[in-house]
């Protein structure tokens, strides 16, 4: 066993022991503790837990890589996944906290005086949350298999076991305190390598400032800012300019950002975190604290992305472009390069047989002509997986083994914390909304608590099964989960608070229309229920790829939300207004006074 | 509490929302997407300004917006006497 292995097992083992310790200490004794942690969580502590709940394996492992290869285009994730908190804080969280119930579908059921509205909300919640949880389960399996040389499925079983212990025993209470611990692990793991890399490349320890500072190459000041240098390095090799390359057209970026923002505000596992604080005013501040903790990672990520990209380019293109010595000899490649080749995340193919690595954009015709004149025969880095931008970062920067171990533990913390939050949202929708709310209203609290634990266990098993047999679409699913939440739950919640006139028929029609339109557009591009070969794009009828004004399926949730609002408002106008006691309910939700602890009754 | 007072509290709340959400929109969709090209002509440190708003500035603004909202709502709760204490 190498010292890196020892560190990795040690750090990961220690964090797991900590999570189990918290689970034993924070057992839930009542449904109130199981669903909302007893409602007594401090707003700052809840903010931290929300940060971990929110930042998934995708944020931790993939986002910096997505930004590294999409440059400015990656901004949709940065703005989308943070700006949603403004909507959540201003439009939903305080009011839903005042309403004071355990779940999101429960608000929809009561506000729209309808069991069917509640059931539609449960279905939308489960669709969005399951799509999301598959990605987390995969993240757990991948982290284990890459770092601990444990097979993917064994890793997944260990992860499921850990979540089962603290989520089944502690419910929201156990999840809250483990998420706080997981946030701390995660943020250290993310920022420590970033600080060292920023110091290396710019002399500035703050990555947020380093990204805009002067670039220092091998100890020599270049007189250029890091971003300008990166723009130059990538465009010289035929890639798009980093700071201006976009993701689709402007309208697509607009819709993508909007879809992620609305989805963020409408995702139930985040909303229910705000049911755990004591008061309405706490819910408002807690959303602010959550965003502070999230912003620590989200403002670091663009620096990690840009710096990792520059490091990668400079590692391979060591001298002037076109000169023989300008390209790294394959035999002289660094150790981290070899290590990631073994995992298949980096792949090199010596197309022109010169023993050197050429990494450039061979899809760019102008540059390809020049490349041919240098004797290059195509881009030889045939695979550069975006996830290595975070995973390999500490090694690229020559950081010690314990930092690498910390990154592994951080990735696992990110995946576990988000998975647990999602599983709680799913299981509470089943035990509280379906079982207690619809099927067995007379169930005793003790039995409901037991039902909550059982549905948690079942949800973990289902998520584990989907993690082991991921449907083909799993990689791109996270953004779709946001689209589904944006198109279904957010509009129903917002109109429930801001539109007194919104009624049962309007809300139900809106949710169904919004989620249907979004799913149809996604299915049309990616296959019906993602089954390969069943996509039904019709280019001859003007319905080719991204046919709706160039908007991609991932960004379509924004359109779904607009459809939801429109359909709901029209239907509500044509049908009877809600009964008087509902209008009183809305008025009551709008003022903070009288908020008690969250209850299930 | 009178219906008029309730309505006045709600209107004050909505006014605050309109101001804050306008800023929310302008820093992200406005500066970060729609106006990104003209703003990129200006530089802030080593950043192009439009790029900075899209990857840094908008996020800092979002954080400030939520705390400004929370503080102002507390003030309104006191003024209209609808707070929790």
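Yeah, the Cβs are placed from backbone N, Cα and C, and that goes for glycine too.
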Do you know which of A:230-252, A:253-275, A:322-344 TrEMBL annotates as transmembrane segment? A:253-275
Which range of A:40-58, A:59-77, A:78-96 is transmembrane segment in TrEMBL? It is A:78-96
Result, the transmembrane segment (A:287-308) in contact with the transmembrane segment (A:78-96) (3+ CB pairs under 8 Å): yes
Long-range neighbours of the transmembrane segment (A:287-308), counting only residues six or more past its ends (CB under 8 A): 43-44, 46-48, 50-51, 54-55, 59-60, 63-68, 71, 74, 78, 81-82, 85-86, 88-89, 93, 183, 186-187, 190-191, 193-194, 197-198, 201, 207-208, 210-211, 226-227, 230, 242, 273-274, 389-390, 392-393, 396
For the transmembrane segment (A:183-201) and the transmembrane segment (A:474-498), check the count of CB pairs under 8 Å (sequence separation 6 or more) and say whether it reaches 3 or more. no
Per Cβ pairs under 8 Å, the stretch of A:6-26, A:117-134, A:474-498 packing most closely against the transmembrane segment (A:253-275): A:474-498
Other parts of the chain folded back onto the transmembrane segment (A:117-134), taken as Cβ under 8 Å at six or more residues beyond its ends: 56, 104-106, 108-109, 263, 267-269, 418-419, 422-423, 425-426, 429-430, 433-434, 437-438, 462-463, 466-467, 470-471, 474, 477-478, 480-482, 484-485, 488-489, 492, 504, 507-508, 511-512, 515
Please report, as numbers and ranges, the same-chain residues at least 6 past the borders of the transmembrane segment (A:450-468) whose CB is under 8 Å from any CB of it. 31, 34-35, 130, 133-134, 136-138, 140-141, 153, 156-157, 160, 163-164, 167-168, 171, 419, 423-424, 426-428, 430-432, 435-436, 443
Distal contacts, the transmembrane segment (A:401-430) - CB-CB under 8 A, six or more residues away: 3-4, 7-8, 10-12, 15, 19, 34-35, 52-57, 59-61, 102-105, 122, 125-126, 129-130, 132-133, 136-137, 139-140, 143-144, 147-148, 159, 162-163, 166-167, 171-172, 175, 178-179, 181-183, 185-186, 188-190, 192-193, 196, 268-270, 272-273, 390-391, 393-395, 452, 455-456, 458-460, 463
